[in-house]
Amino acid sequence: MAKQIAFDEQARRALERGVNQLADAVKVTLGPRGRHVVLDKQFGGPQVTNDGVTIAREIELEDPYENLGAQLAKNVATKTNDVAGDGTTTATVLAQAMVREGLRNLAAGANPTALGRGIQAATDAVVDALKAKATPVKGRDNIAQIATVSSRDESIGALVGEAMERVGEDGVISIEESSTLATELEITEGVQFDKGFVSPYFVTDSERQEAVLEDAQILLHREKISSIQDLLPLLEKIAQSGKPLLILAEDVEGEALSTLVVNAIRKTFKVVAVKAPYFGDRRKAFLDDLAAVTGAQVIAPEVGLKLSEAGPEVLGSARRITVTKDTTTIVDGRGPQDDVKARAEQIRKEIEVSDSDWDREKLQERLAKLAGGVAVIKVGAATETELKERKSRIEDAVAASKAAAEEGSVPGGGSSLIHAAKELNGDLGLSGDEATGVRLVRTALEAPLFWIASNAGQEGAVVVSKVRDLDWGQGYNAATLTFGDLVQPGIVDPLKVTRSAVANAASIARMVLTTESAVVDKPEEEDSAAAGHGHGHSH
């Protein structure tokens, strides 16, 4: 495939045009009075959204050089979304401002490498200033404020606040589509996983088609159980205690299963067999997690335990177990709390060192199952389009709340960036083009507030200069069009979101400024034209 190459100013200007087109499409959504963007989808109806990253992902430009710039800006949005789950529009607007200021300085003869060093130094100083001023976010009301600002909806804020309070910071909050108009919260406490009973004969409540075991014992087995001889000694001892039993194994089959079914039908004693979820190492790890939660010991050859020799001491217990055809929920496992805490700590360490997003996500799920319950927010709306838009806002609100619980919050509305920029007033003691890089960042940090005010119909530059004279924690409330304290009315952003936006924007700006050439595929000529050429060259 032949390539086309653009050099110097021509390449950088094309990249800037691409960044601008993407940022201009996204920035209309910024702030409480921001607008929506309608996306034409290849399948299904159009999508209405005010989520920066959703818009960015849809944008492909016709001009290949400009498209490179748009993809770089898209990178800022997706990277910020991956790290913090929100703040993608802020990051894109910052990147646009830094690229614009930087290219102006390059045109005036600045050295791109020195500019880059200045940008990096300024970014580090701003991030440190934000970290130093961040306030921890604790309690339902604070979380609800963060979620309300993110979703622009108090009812969503309250729902997310309640969900976080009920399942804890590490708890799973899953978001599903509801078939009703209402958006509501469901909590399942304890450990839930997606495997149900092996046979419907285990059902104890035929109306609801579920098996409920109260004050139950739990047998965890790493391999298949097919011989009843292996299981009999243990079953006899359990039958004497009169307590119901949950058997969780790779599989329960053959005569072992038929004997258990006969026992269940005759009501000799209550028993339910369930296949262990997942495969391989994930299944092994999950069984070990359950062992910690329930106080059981996993029966496996590698720990020298055989089913035929196991006594009641290997069993775990729980206050209540509910098994349906698809799910099993274990409530109030009776394992020692210290074991559960140690197990959770171990998973947290694994999350820190993991470099695979998929692994991290699965580890987070395991941690959530251990640490808290599972909250399900069921999203309802009148139309499919509204449902998707609402679901997207709730996802952002949950991500923002988790980010805030992790690292704390800073005043929102673009104000903390203006105040943090005051740290750069002495150019950080740098000189020459490095100092220019610092000043460039100081100017760019005004962009989010400028557009929040502009989208509210105000004069952006006037609002920025007024906020500059205020103290930390004060700024412009675009919802009420007033200046004053932002923390009291709950206009706060997660530190993680704000810091990621600044760092990712600076990273892309440095790349664009140090670009000296851009290489793209040459568009192929029409087939008819191609047919007339090229035949005389083969000798």
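Note that Cβ sites are derived from N, Cα and C of the backbone, with glycine treated the same way.
Feature annotation from Swiss-Prot assigns ATP binding site to Thr29, Leu30, Gly31, Pro32, Asp86, Gly87, Thr88, Thr89, Thr90, Gly413, Asn477, Ala478, Ala479, Asp493; the stated evidence is sequence analysis. What Swiss-Prot records for 519-539 is region 'Disordered'.
Where Swiss-Prot records a feature, it is marked here on the structure.
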residue : record           : DSSP class
Thr29   : ATP binding site : coil
Asp86   : ATP binding site : coil
Asn477  : ATP binding site : strand
*So how far apart do the ATP binders Thr29, Leu30, Gly31, Pro32, Asp86, Gly87, Thr88, Thr89, Thr90, Gly413, Asn477, Ala478, Ala479, Asp493 get, largest Cα to Cα in Å?*
20
*Counting Cβ atoms within 10 Å across all protein chains shown, which of the binding-site residues Thr90, Asn477 comes out on top?*
Thr90
*Counting Cβ atoms within 10 Å across all protein chains shown, which of the binding-site residues Thr88, Ala479 comes out on top?*
Thr88
_Please list, in sequence order, the residues in the chain of Gly31 (ATP binding site) that are at least six apart in sequence and whose C-beta is under 8 Å away from its C-beta._
Gly413, Gly414, Trp451, Ile452, Ala453, Asn455, Ala456, Ala478
*asked:* Among Thr29, Asp86, the binding-site residues in question, whose Cβ has the most other Cβ atoms within 10 Å in this structure?
replied: Asp86
